[in-house]
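Visitor: Have a look at this one.
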Amino acid sequence: MKRKIVQIIFIVLSVLGLITVNYTMFIVFLISSLILGPFFCGWLCPLGFAQDILSKIGKFLHLPRIRVNKNVERVIKFSRYILFIFILFGFSFAILLDSPYRVFAGVLSWNFKFISISSWVIFGILMIIGLFIERPFCRYLCFEGARYGAVSTLRIFSINREVKTCINCKKCDKECPMQVNISTVKHVRDPSCINCLECINSCPVEGCLTYNFVLNKINKEIK
Ligand code: SF4
Ligand code: SF4
Ligand code: SF4
């Protein structure tokens, strides 16, 4: 609930023009991702918020929830990094990616005039998919999230699991919108993590999952 309030406040401040998401701010988000993880994705991004709401609507309507097979997810989650590399090297086929961002920019500036019909259509398709799959755009297409995710693998604050107290119920894995594997690692260093902290909220054992200073950079899989 706290997260939803922060997300709504950020959108309202943006729409009122009290916060401007400009290049400098993206640099700040990038540096903070390097230290704290991508809080922008989990707590501020309007596109992420829109997908969270659609997921809630999907659940409310009892629509089927699609959890992508673990092995398939391991491979297809690289799509956003591949797309990011293509964009870095100037390939301009990114109309598909650009489209939802135009809507995103429109929301932040409260100016929808420059958004083409095709942008709305692609955005709409993604949002419909979001009724069935958690954060599809974030997971497979977003180059901004790819950037934050890549640097966040070096983060010094992250989700820490107390192996001794963990009862292996796997609720954390089930609640994670990005399908990050939490229940078998000591701490989360997955570039897909958006720092939403839903895993911590879902854990039934108090103090088992915490957002903490993480010294050890190596994260072997442990049961
Ligand atoms: S991955 Fe992209 S769309 Fe998703 S929350 Fe992060 S910046 Fe926003
Ligand atoms: S549920 Fe936990 S591991 Fe998954 S994205 Fe949110 S903070 Fe990261
Ligand atoms: S929700 Fe908590 S107790 Fe259950 S598997 Fe995850 S970390 Fe362990």
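Backbone N, Cα and C define each Cβ position, glycine as well.
Remember, TrEMBL labels are computer predictions, not curated facts.
Per TrEMBL, the features are:
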TRANSMEM  7-31  transmembrane segment
TRANSMEM  37-57  transmembrane segment
TRANSMEM  78-97  transmembrane segment
TRANSMEM  117-133  transmembrane segment
DOMAIN    155-180  domain '4Fe-4S ferredoxin-type'
DOMAIN    185-214  domain '4Fe-4S ferredoxin-type'
Visitor: Could you give the mean pLDDT over the domain '4Fe-4S ferredoxin-type' (155-180), rounded to a whole number?
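Guide: The predicted confidence over the domain '4Fe-4S ferredoxin-type' (155-180), as a mean pLDDT, is 95.
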Visitor: Counting by DSSP, what is the helix, strand and coil composition of the domain '4Fe-4S ferredoxin-type' (185-214)?
Guide: 5 helix, 7 strand, 18 coil
